[in-house]
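Q: Sharing a structure here in structure tokens format.
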Amino acid sequence: MDGGGEDASKVIHVKFVTKLDSPFQAPSSSVVIPSNVTRLGLSSIVNSLLTLEKHEAFDFLIDGELIRMSLEQFLLAKGISAERTLEIEYIRAVAPRKEEKPSLHDDWVSAVDGSSSRFILTGCYDGLGRIWSSPESCTHILEGHSGAISSIAFVSSEGAENVTVATAAKDRTLRLFKVDTAESGDPTTRVGAYKILRGHKASVASVAAQKYGSKICSGSWDCTINLWDTDEATSELSVAGKRRKGNNQAEETQLEGEAENTFVGHTQCVSSVVWPEHDVIYSCSWDHSIRRWDVPTGKESMNLFCGKALNTVDVGGEGSALVAAGGSDPILRVWDPRKPGTSAPVFQFASHASWISACKWHKSSWFHLVSASYDGKIMLCDLRTAWPLSVIDTHKDKVLCADWWKGDSVVSGGADSNLRISSGISIS
């Protein structure tokens, strides 16, 4: 059996198994391969067993752990005997198979949301939000901010023609937009906010929407987290005399809203907030902490100390309970709050070369998450190995934001003013 040019002085009996469907089912009989074969060599062997017309890249696991060194080194490191027939599971490699054409903005792309399967949201330093139906197809522009947008989020997006979007900006406000996605023309439709949320005393750094609800939360440089209601009927102020007229649009009354509640506890900028459960919010801060908040009471229920100023936090993985965060060093850290008595991370990824700007868990995987960094790279990570599965380096400058889209793509934005989409990523 050809091992892809590997030295065959020592051999190992292996059996390749997979959960993949046809045509990726290899014969069930065992084969003899060189002991020092690498992952690429293993991939070549499986391709020859499958007799595929087009070469397919694979990753390999032994006892649930990904192989990221030669087979011989892996077995030695794990204390696994090579005297028996080894069972090696193969999966499709987690890597982009296509890079879509970049979508150029007028300034830095500072925020992205890929949580809708139909659209991508971007926020830009030009103060505008944008809705994209596909690469290069911007359907709507969300206008009104007087400062750079730092965060953007869908409040509601699936199963309806009307979507609600929240934006947060350096002008100290948040804005809410209702967008009729059936109405988009050439040129791109411009939309004004139906509600402005005021109350933060400094730049708003992050916004997140309540899961299965109508509320949003925001984190700010004023060290606080505010809760807001997105319903028009619950506006604190209805400014009857404050009307706006957009391009080719009828006059509209703009509403203003005040915060329903304010969570106090952080001592520096609240750089990122997420709302993964109905009554639970997580936040991270430049004060080196990650905190969990009980929404009904406004009380802090967890405080993890990291030792580094933090830029980004997300919750997901096994049981949707793992907390990932990154900030002012190149290390992406993962905590499991279910383990009592320790604040130490359970996983650490140290492949970036600069500050981490974003991290996001894959919604349907216990193991996979994406990270972005000022080093210009995006890394696809897996908890089953300390090495990145794939490195995306299509940006020409700092990467400022990243998210998953449709389950098989990564969307990202950066200081090169581009939205980029890396697609065809197989998550099994």
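Each Cβ is built from the backbone N, Cα and C atoms, and glycine gets one as well.
Pasting the feature list from TrEMBL:
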- 12-75: domain 'NLE' (DOMAIN)
- 197-238: repeat 'WD' (REPEAT)
- 263-303: repeat 'WD' (REPEAT)
Q: Short question: which residues 6 or more past the ends of the repeat 'WD' (197-238) have a Cβ under 8 Å from it?
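A: Residues 147, 150-156, 164, 166-176, 253, 255-264, 266-278, 281, 283, 285, 287, 293, 295.
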Q: Per-residue pLDDT averaged over the repeat 'WD' (197-238) comes to what?
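A: Mean per-residue confidence for the repeat 'WD' (197-238): 89 out of 100.
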Q: Could you tell me how many residues in the repeat 'WD' (197-238) are helical, how many are strand and how many are coil under DSSP?
A: 3 helix, 21 strand, 18 coil
Q: So how many of the residues in the domain 'NLE' (12-75) end up helix, strand or coil by DSSP?
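A: With helix first, then strand, then coil, the domain 'NLE' (12-75) has 17 helix, 17 strand, 30 coil.
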Q: How many helix, strand and coil residues does the repeat 'WD' (263-303) contain under DSSP?
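A: Counts, helix then strand then coil: 0 helix, 27 strand, 14 coil.
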